[in-house]
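These came from TrEMBL, pasted as-is:
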type	residues	note
TRANSMEM	12-36	transmembrane segment
TRANSMEM	56-78	transmembrane segment
TRANSMEM	99-122	transmembrane segment
TRANSMEM	128-149	transmembrane segment
Amino acid sequence: MAPQGSRAPLEFGGPLGAAALMLLLPATMVHLLLVARSGPARLLGPPPYLPGLEALWSPRALLLWLTWLGLQAALYLLPARKVAEGQELKDKSTLRYPINGFQALVLTALLVTLGVLAGLPLEELAEMLLPLAFVATLTAFIFSLLLYLKALLAPTSALAPGGNSGNPIYDFILGRELNPRIGSFDFKYFCELRPGLIGWVLINLALLMKEAELRGSPSLAMWLVNGFQLLYVGDALWQEEAILTTMDITHDGFGFMLAFGDLAWVPFTYSLQAQFLLYHPQPLGWPMASVICLINDLETIPTATGRQLLVSGWWGMVRHPNYLGDLIMALAWSLPCGTSHLLPYFYLLYFTALLVHREDRDERQCLQKYGLAWRDYCRRVPYRIVPYIY
């Protein structure tokens, strides 16, 4: 039985805002894919053309995408080095999660290496990003619809706090069920770090190989972007267990917002710097590259949620220094692309907006959890993310 509407505060301005995001985010992704390969590469300008169905739809892209999902699902089901328990649910039970994401990354790398040595034309992915992004979005939409229908049969205790508003559109987008599973296969946990993140570094590699094909060797800027982002993905998968404490897992339902973000937005938007460099090569010398590496490698320690926390007492200066670390890292990813175009800095701009939204949710959650103690902490530490600015 579906419950009556929940009293959780609505995200994104309610149903209309959530519906607008459902249309805006895929359109933005397509826009970025188009302008990255255009001559002007203007972030705020119109795309060079509006793609027709023949440019978006490709049976080959669909086959490749389904094969990729099938491969990652098979790797998910392999024996794990560890099985971790999640946080306690409403019904006092806990779920078990295989910790084998880094294993999946290594095995994927091994399979890709063998494929390339056998003649697999991985660089051809660079010319297929638009149809691949389209089928990934289509997959996310169909998958989200099936998840919504499945949630209609779920008990009240299995529903997420925020995706249970009673509005079908809003609940479809935000996700009704907290941990949708078939047997031990957890769909949200699987999608959170596997197909999208590993797909992101695979696309980066394909773009690097395409640049080598076009120019004889990859540029230093392309190497830096690939290296930085591979390090990020490898670290996230190595510390996969930490994601079990994040709001994505403990609070958010699994609907279109997360499904599209995990399966389409991450691999095809986060690879924007590498896409830009393929079509707009940038000169980068070793001195500047060294400075960028220093920015990316600021001394950090892992937090309990798997994010990176700048040390040296920053918790006493801002309430979310881990988010500041994320923004500094995003800047380092963009700097190899030079300063002639705003486009490769889209990730930094988007991530700033995302973290401000997350920080606002964190503040509300902490206030509810800690009460007056949190208010006292806010008085002592008035800045949220950036000291003396915000």
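The backbone N, Cα and C atoms fix where each Cβ goes, glycine too.
TrEMBL entries are annotated by machine, without manual review.
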Which one of these stretches, 12-36, 56-78, 99-122, has the most C-beta pairs shorter than 8 Å to the transmembrane segment (128-149)?
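Looking only at 12-36, 56-78, 99-122, the most contacts with the transmembrane segment (128-149) come from 56-78.
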By a Cβ-Cβ criterion of under 8 Å, what residues six or more beyond either terminus of the transmembrane segment (56-78) are in contact with it?
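Sequence-remote neighbours of the transmembrane segment (56-78) are 98, 100, 103-104, 107-108, 111, 128, 130-132, 134-136, 139, 185, 190, 194-195, 198-199.
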